[in-house]
Amino acid sequence: MTVRRKHLSAASLLILMIKVFSGQTLTCREERYQVGNECCPMCYPGSRVRTDCSEVRMTSCLPCLEGTYMNQLTSRRQCFPCSRCDEGSGLKMKSPCTITSDTVCEPLEGFFCVDPSDNGCGAAQKHRSCEPGQCISQNEYQTGNECCPMCLPGSRVKTDCTKVKTTSCQPCLEGTYMNQPTGLKLCFPCSHCDGGSGLKMKSSCTKTSDTVCEPLEGFYCVDPSDKGCRAAQKHRSCEPGQCISQKGTASTDSVCSDCSDGSFSDGTFPSCRPHTQCETKNLQLLKPGTTSTDAECGEHSSNKTITIIGIIVPVLFLLIVISAAVVFHFRDRIKSSLCSGKICIQTINMCYDSDR
């Protein structure tokens, strides 16, 4: 090991002497840092350098201490201290500090940011109070110490105003809208009418107005907006034994009512119907009605007997008449055939030859 280190040291010294005498300087890659004649690997975000690298070892790193963070590759031996959201500066915490990210602050209610950062705000200032005889301008927004004119509906801010130029605006992109004067750099995304949420489009999105949705047929709105609806639900279905006492609309659900004794509904009737009174129709009750079914009626037993007799007697009489007619018809034909060429004495029902 000692011999190897001597060889390494000699080689390093030789390289250094060559660089010095040749006028070259050591340049490390972006993710490395220079310590003497070494290019050491940096520590990852969330950590810091414990010991630098050498010819025989890599950089040694430690995690950031509580209350500190490191959001980039680093050669530092200390992480950055976490920021504090100072209420005296008009700030409150939006998200806490971690070992890889700083605290994110935002303005308190009634304050506006005067020192914006990538994700939050470094300092805020209280909104200006108008003096008696003044009003709050609705068409300006503040940036720094400037009150800039807002962009008109259908557009957004391209660049803020300065002391020498006014606000620059540009139209909303396709699929976005802005329905009011604005100091925003992005328009609002257009809403979608989701059939799965029971919605259909009433009017399409424009650069100055959002999509307006309304409930599908058979649905009612459960999340109304200013001009439309954001979510809808299917109308309630009434059960057998109930009637639809109030039909559902686009804004209200159906109302179901239970049928009282003596009435019925299959769940689709607008009102419960009274059971059929079999007696009033001179019929017999076969099955009593329930709240979901009507009564079943049939003819009385005596009426059935009379009806059957009234049908059978004429049929029997007709059969007898037909049978008698058939018998007489065939008897006459038989007599005619037997007495042909003879003298028939009907009194004794005998036939004799005419020669006798």
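Heads up, the Cβ atoms here are built off N, Cα and C, so glycines get one too.
As recorded in TrEMBL:
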SIGNAL    1-23  signal peptide
REPEAT    63-105  repeat 'TNFR-Cys'
DISULFID  C64-C79  disulfide bond
REPEAT    129-169  repeat 'TNFR-Cys'
DISULFID  C148-C161  disulfide bond
DISULFID  C151-C169  disulfide bond
REPEAT    171-213  repeat 'TNFR-Cys'
DISULFID  C172-C187  disulfide bond
TRANSMEM  306-328  transmembrane segment
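According to DSSP, the secondary structure content of the repeat 'TNFR-Cys' (63-105) in residues is 3 helix, 13 strand, 27 coil. Regional average pLDDT for the repeat 'TNFR-Cys' (63-105) in the model is 92.
For C151 (disulfide bond), other Cβ atoms within 10 Å of its Cβ number 26. The number of other Cβ atoms within 10 Å of the Cβ belonging to C169 (disulfide bond), over all protein chains shown, comes to 17. When DSSP labels each residue, the repeat 'TNFR-Cys' (129-169) comes out as 0 helix, 16 strand, 25 coil, counted as helix, strand and coil in that order. All protein chains considered, the CB of C172 (disulfide bond) has 22 other CB atoms within 10 Å.
Its Cβ placed at the centre, C64 (disulfide bond) has 23 other Cβ atoms within 10 Å.
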